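**Q** Can you keep this structure in mind? I'll have questions shortly.
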């Protein structure tokens, strides 16, 4: 570059820089004021005319007009002359309200402004703004003046100012100033007030006015607040911040929003809301920010001011990119309180956006917003006065349906209650009497929380002979500590138990008095930590059937009798007699007796007759009520009659040593006295001779000396009657009775022999069934020590616990059948306490079954009882075993059939993870098994025997009618990878339970796993009586086939079945699950070569949908050394960890609430689902590359063996799913028997087990699409119109009468 060019360029740069600086200075503070033409401060125009103003300046110009409502405005450029810029303002057709200031200034600087005031004279509108109604004028308390803005359109217009009601003071009038451009300026004192102010003027004899109202404004401002306090919004939402403050009447607050110290000019809303008129006024200003971005987060400041007084408040706005909904317990989730107190549940909710639906539930029932018992505010639930019925589970369900977010948590409320005694409310009024020398039972039923303890006490009455009232002899003495020195009744038993009464658990204590002989007071005291309650039971012993009565009830005319009024001692007192005329019988004519159990008062009546004995009345004071009671004598007078005989004695011949009985039936008034004579000598009682009250004579072991004439004489005051007979003794006295001796000797010998036989049998036999414990189950399951049928015969069957009436069982369609039995669907009415009618499965024999078959089914029943109840096994519900009717076993009904069929049916609906939009319906297994995952090392159900612990079905899975109606069909839900892990986890739990009961399954496969409601799987065909048949004909029919595909090498080669061989089968079962029901070892002949390869360590490749962790678990189960395989407890731990990892990977939170209850409470409310993962929904590729990738290098698979040998052993004839093989001699007929390949259960369904899948080589995989099409986020939801039908349940878990491998 030349020096010249360089100099030119430098000069040009300096020139440009100088020009810019000069331009900036010109535009800055050094700019000259614009020039406005025509000149002058004011201009007068006339209405309808045209106003023209010209403004010249150095930069672009800007006009500010007097009114925006001008008729027509035109701004145009004009000749610039000396100035660079010129603007002309032209307004045509001027109006009166165009009067005002017109200003011109530079656009970029308003500091330099020129203006002029234009009057537009209009005779019809002398005022620029005229108000016919009072227009408010505002002035603060400390303002020195105020302006009445009645400007005029003509500068010389004469205007008068008037005030009404409150006239102006003279000094104020003198200080008033008039300016046609402003109006009147009026001096103002702090407490001056003018109600109405009027500006008056006249034009051409026409009067014009404008009315104003002065309002004195306050300077008070307080309680400035911003709502919401902690605003949180999502990107794209609208942010609304409301700033409010309080002032008094006539206060005017000015609000101003700032963000990052800049004034905000966004859309806003201004409103005022009076809280209480004339005292407090709340004014507010809302800031609305639509379509929020991340740049809008930060601190927003609101300033509220009245004149010079200001208040300021700031809030921090947080902006999130993604929605979320979380809820936790603010305090404890368990609350224990007492009645009458206030309880509040305050969950901590963290959600953006806020939930659009908040519902509280009490024990699964939605709480109404108008509930009088519960008060809801925001997320909180308040119980003002807790009652006992409020105890239970409270659940808050939060949802944002638009975002697909659902959460809930539960609180448990325990209401502690002071003890209450049930008998106090239902006991009869007044004390009761207790019969002497008899057994009595006293019951005390107490309710309280915590459950109260009951203690019995005793207080005897003072035994002094002259006392008629029970004065307690001692303080209350505990029953177990009563000293022998105190009077007491012998106690047989005192026991307490917890029972259900009126749907509440109550403590029921029973005191059994062996014999009643002492009066006193028993009391039961129920005590818990809140207090105690005592019920007194007066125990008055009585030796008569009635507590208050008159004796006797009959008499003979002419006799002297004694009427006795008798009452129970301590219950009645002050006995008094009244004659038929109502006169009180004097005390000297009565006799009072106080006995241990009665008090009586007697009077003597001589020569009684029917006329004067009627109407005697006894009165007494009932002590407990202090009321007088009476009873009237109902004496019956019988006329005197002589005795007569009903029949005469007859002569008899009596064998020696026999018994002689002579009856003398005589009647009379009074009752005659019977006397016996023998040969005219009175007969008296002695050894072998009995005289009964009714006149019967009994002589035992008659001898020759007893022969003679026996005479019966009946006598009373009316005379005597007699009859006689001759008694002859037949036989010799000294000759023994041979028949008796023979009979006695024979009986004694038979008894002795029977006892010896029983002792001999008991010595030979093993321990009885009563001694069978849990550990003995291994012997039951091991037929080598004792035949299984003999062991089962010794197992107990408790008919009281398990027997179910056949008439309450309604049989339905047949679900499956086998060679000798069948399984039918049935409805059982009242089989449990949860549901009225329950769908069950019934196993029963076919018509014509043999006795051996009956014994086999009975053996299965006993083993089911002994094994016990568990959630993940098919459980026993009852049985019908009564003779004369069919033998039936009632078990749980699993509506979705076996797991193998179900998995195959779901191949088109399998997704790895649920999509984020939540449209795909998710399996509910996660929800139902949340507690299993949480406590995976604990047993889900009782591991004890149901025979000893009782059986109550888990309520979470009961199929009551309401829940059954609301259960959603699993076939309408997609199947996820998490469900497959969950199935494996549940089977491991069930097998862990069976292993703890020392039960070996021996046929663990997907076909023997049933699927029930709520995605619960149950193991069937476990350890039952498979070897009870020894009939060789049955074996020849095919039941000797073995499930080789599932068998461990030691079971195939050495016939050894252990829990570890079940672990091998569990690994094959996992392979079935993660291949969605495919047949194991696809494409292989199950022959001797296969078994040898298996023993050498060749294994299956990974299934299509497994991960490396899952496949490694399978390989661990297939370890060649049984002792190196994991136990089922370890598998539960491992799968539980995988299941938890799956949950955490998807960001889900399992929440313990029954979805059916929510649906029941509110049909519109969907079941709470988990927050879904944002990753895409897709299926794992089904090619071989996936399987090889996750296979350990040290494991050789059958696919590699096939490729090495250069052979393709795909089974073309339909390889058996069950993989059942025969002995080596029978392997030639394998293809012919494939239709029978599966072990035939005793009541299995006739179902073919052929594999319908095509098994391809790895090289051929690319030619065919995968089994399951890939799903995107949009098509992951199911077609609502698709009709899904579940296959019939597979009930092949019934007794399989197949002999074990030998």
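The backbone N, Cα and C atoms fix where each Cβ goes, and this holds for glycine too.
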**Q** Select, from 97, 1165, the one residue given the annotation N-linked glycosylation site by Swiss-Prot.
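**A** Checking Swiss-Prot against 97, 1165, the N-linked glycosylation site entry points to 97.
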**Q** Report which of 505, 1205 appears in Swiss-Prot with the annotation N-linked glycosylation site.
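**A** Matching 505, 1205 against Swiss-Prot annotations yields 505.
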**Q** Look up transmembrane segment in Swiss-Prot and report which of 741-761, 762-782, 783-803, 804-824 it refers to.
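**A** Here Swiss-Prot associates transmembrane segment with the stretch 741-761.
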**Q** Would you mind telling me which of 1117-1137, 1138-1158, 1159-1179 Swiss-Prot tags as region 'Disordered'?
**A** 1159-1179
**Q** Report, as numbers and ranges, which residues of the same chain sit near the transmembrane segment (741-761): CB under 8 Å and 6 or more residues beyond its ends.
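**A** None.
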**Q** Could you break down the residues of the domain 'Ig-like C2-type 2' (143-206) into DSSP helix, strand and coil, giving a count for each?
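**A** For the domain 'Ig-like C2-type 2' (143-206), the helix, strand and coil counts are 6 helix, 27 strand, 31 coil.
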**Q** Mind checking which of 326, 380, 408, 505 has the fewest other CB atoms within 10 A of its CB? They're the glycosylation sites.
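**A** Output over glycosylation sites 326, 380, 408, 505: least Cβ neighbours within 10 Å is 505.
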**Q** Given the recorded positions 97, 326, 380, 648, 1003, find the one whose Cα is closest in space to the Cα of residue 408 (N-linked glycosylation site).
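**A** Nearest candidate: 326.
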**Q** From the Cα of residue 517 (N-linked glycosylation site) across to the Cα of residue 655 (N-linked glycosylation site), what is the distance in angstrom?
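**A** The separation of the Cα atoms works out to 48 Å.
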**Q** Tell me the Cα distance separating residue 505 (N-linked glycosylation site) from residue 380 (N-linked glycosylation site), rounded to the nearest angstrom.
**A** 30
**Q** How many neighbouring Cβ atoms, not counting its own, are there within 10 Å of the Cβ of residue 97 (N-linked glycosylation site)?
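**A** By my count, 19.
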**Q** What three-state secondary structure does DSSP assign to residue 505 (N-linked glycosylation site)?
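**A** It is in a strand.
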**Q** Please state whether DSSP places residue 655 (N-linked glycosylation site) in a helix, a strand or coil.
**A** strand
**Q** Could you state the CA-to-CA distance between residue 97 (N-linked glycosylation site) and residue 326 (N-linked glycosylation site) to the nearest Å?
**A** 62
